Amino acid sequence: MLHAHKGDRLVIRSRHIGEPERDAEVLEVEHDDGSPPYRVRWSDTGHEALFFPGPDAYVDHAGPAYPPEYDQDRTRR
């Protein structure tokens, strides 16, 4: 079973050769233990939806590309 946190990236593997993977940012986790469903925003469409991942999904727990301080410093300039 998948476990995700807000800010993680949910990746759906392609079912066919030559098709790209699909990914979404986890915006909200419905359960305290990190289990599905997740409210996500799809990167290819910007659409937000409640999503129940299947066996072709995995969670990328990588943190943000920049630390939170970067955004704060950038907005002060």
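Glycine too: its Cβ is placed from the backbone N, Cα and C atoms.
Marked as domain 'DUF1918' by TrEMBL: 2-59. What TrEMBL records for 57-77 is region 'Disordered'.
Mapped onto DSSP classes, the domain 'DUF1918' (2-59) shows 0 helix, 24 strand, 34 coil. Taken together, the residues in the domain 'DUF1918' (2-59) have a mean pLDDT of 95 on the 0 to 100 scale.
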